[in-house]
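Take a look at the structure set out below.
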C-alpha cells in the first residue's frame, strides 16, 4: 500500500468530517447576543470535538511519518479509526443540543471509546510493523496518547465517567476537554519536526 495515497485519503475524510461539523453550526434565531449564549452548549461541544480531531490528526500524521511500510492490517485499522471519527459530528450535535441529558453524553463517550481503541490498535500495528523492519517502534509506544489509552486506567476512567454522567451529564464533555488538552500538550519531542520524523 502506497503511504502517500493512504495519507491523502485520510486527510480528505477528516476534512469532510470537520466540514460536516461546521455545517451543524446554526445562525442564532434573533439578532441579539443573548441568542449566542443559548447556543453555548453546542459551541462548547464543537470546540471539544474540533480539538479532538485536530489532536488525533496530529498524532496519526506523526505515526505515519515514522512508518516505512503500510500493511493491509494498518490500512484496515486506519479505516476503522476513520469510521469511528465519522461518528463525531452526530454525537457532537446531539450532546450539544441536550448537554444536560445523560443519553447523548453516554453516546458521545461511547464514540470516544470506540475511536480510542481503534487508534490504539492502529498505533500497535504501526509499532509492530516498525519493529519488524528495525524502525523506531519505541517512538510510537512512548507517545502519551498510546500509553494513556493502553493503560489499565483508561477503561476504569470511562466506566466511572459513564456513572458520573447519570448524575451530572456535562461531566462527559468537561473531562473530554481536559483529556484532549493533555494529549495535545504531551507529544513526543520530535513531533513538531514531522518532515524529519522518519529520518
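Note that the numbers count up from 1, one per residue, in the order the chain is shown.
Cβ from N, Cα, C; glycine included.
Owing to the predicted nature of the structure, the values given are computational and were not obtained by experimental measurement.
The transmembrane segment annotation in TrEMBL covers 12-28, 40-59, 80-100, 106-123, 144-168.
At the 8 Å Cβ threshold, with sequence separation of at least 6, the transmembrane segment (106-123) lacks contact with the transmembrane segment (12-28), having fewer than 3 such pairs.
Between the transmembrane segment (40-59) and the listed ranges 12-28, 80-100, 144-168, the one holding the most Cβ pairs under 8 Å is 80-100. Here the transmembrane segment (144-168) has long-range neighbours at 55, 59, 102, 105-106, 109, 113, 116-117, 119-120, 123-124, 127, 175, 182-183, 186-187, meaning same-chain residues at least 6 beyond its ends whose C-beta is under 8 angstroms from one of its own.
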